[in-house]
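Copied from TrEMBL, the annotated features are:
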type     : residues : note
DOMAIN   : 21-105   : domain 'G-protein coupled receptors family 2 profile 1'
DOMAIN   : 113-389  : domain 'G-protein coupled receptors family 2 profile 2'
TRANSMEM : 120-139  : transmembrane segment
TRANSMEM : 151-170  : transmembrane segment
TRANSMEM : 190-219  : transmembrane segment
TRANSMEM : 226-245  : transmembrane segment
TRANSMEM : 265-290  : transmembrane segment
TRANSMEM : 334-352  : transmembrane segment
TRANSMEM : 364-388  : transmembrane segment
Amino acid sequence: METFLEGDLTLEQIIITRRENCEDIKDFTPANDTGEVYCPREFDGWSCVNWTSAGQVAHFPCPYFILGFDPKRFGQRTCLMDGTWFRHPDSNKTWSNYTTCVDLEDLELRKHVNFIYKTGYSISLAALIISLFIFFYFKSLSCTRIQIHKNLFLSLTINNCLWLIWYEAVVDNLPVLMTNGLGCQALHLLVQYFLVATYLWMFCEGLYLHTLLVVTFLTESRVMPLLYFIGWGVPAILVLIYAAMRSSLREEKLHCWIHESLYSWTLSGPVCISMLANLVFLINIVRLLLTKLHTGQPVSPKASFQDPQSSVRLRRRNTVLSQTGVMSGRTRKAVRATFILIPLLGLQYILMPFRPQQGAAWEPAYQIISAVVTSYQGLCVASLFCFFNGEVSKEGN
């Protein structure tokens, strides 16, 4: 196997280089003292097939640069008894068997999973666009909570749109993947940016709701600039770091950066931290609600002893809670509110890191569930926090 790095080369350049390497060692012939017949070393267009005894089958690693091939598998070429390579009956040309390089069951699974992603993203995209129109159309829906919803929905909308473009223009487009142009690499970075932004706006949702419940006085005019920085600024910083690190290694830049990277942790690390923080927020929110609902306390007992503006704060908190049904019941309503908040805070993704190894028995189930949960989140939050929202319904009527 060649030891040179091929990450900056086009497919054509990779093949030319591999051909030259094969020809450089072509003059070496095996000892033939016994008169044994061999098929000669030959470059088949992708791989260098070694000298092989007549009647034997040559095995060689599947080329890593062909998308869909598993480099851990092996291609085959049959050496006939007369010392010539097998010729395909249709083309009458020497032929290497690369069908063994593809895991057909895995390929079929990925087709089904991609279909689920495309369908879910399309439906969610339509729901999110309608939700954004509603939020912007009704000017009265302009409190801080709705402003955060708008930014989360906008991030989800662009993220869904970019994923659809990614699947159509890159994943399902072999020439684009092989060309590995700057355009598809830039698209990859945009997808990653809005993906991280979506997670961090979910974190902003949790941070704001938690702060609203535990802090008596909250200057909302100072809240949004901080949330804008977290939701839009931090992802830009993370993606720039990711791009700089990944572009430093040539083998990391193949096929429009479609493969898993050694530096994915620069994005996944902060995302995991934000998800864990949201989990802590949710647990504390539920604890506070259960305590106050069971003791009959108002949501913010401190506020009743403050100036008139504190009563405005109390009403705003009650509005937030009434949206999830918390103020209308006790434990059952609090549990219901918890489940409603899960998609808003993105806590369903906490289970996603526990990905099975490729080939594991439950990998297909994981892939399908992951595709459904991820692609339909936009539809879920649009339904819960816009279409079925009491304030929106009131404005519509």
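Quick reminder: no glycine exception, Cβ is built from N, Cα and C everywhere.
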**Asked** Could you count the residues of the domain 'G-protein coupled receptors family 2 profile 1' (21-105) that DSSP puts in helix, in strand and in coil?
**Response** 9 helix, 23 strand, 53 coil
**Request:** Could you tell me whether the transmembrane segment (364-388) and the transmembrane segment (226-245) have 3+ CB pairs under 8 A, leaving out pairs under 6 positions apart?
**Result:** no
**Request:** Take the domain 'G-protein coupled receptors family 2 profile 2' (113-389) and average the pLDDT across it for me.
**Result:** 80
**Message:** Does the structure show the transmembrane segment (364-388) and the transmembrane segment (190-219) touching, where I'm treating 3 or more Cβ pairs under 8 angstroms (sequence separation 6 or more) as a contact?
**Reply:** no
**Message:** Within the same chain, where does the transmembrane segment (265-290) have neighbours whose Cβ lies under 8 angstroms from its own Cβ atoms, ignoring anything closer than 6 residues to its ends? I mean 6 or more beyond.
**Reply:** 192, 195-196, 199-200, 202-203, 205-207, 209-210, 213-214, 234, 238-239, 241-242, 245, 299, 321, 326, 331, 334, 337-338, 341-342, 345-347, 349-350, 353
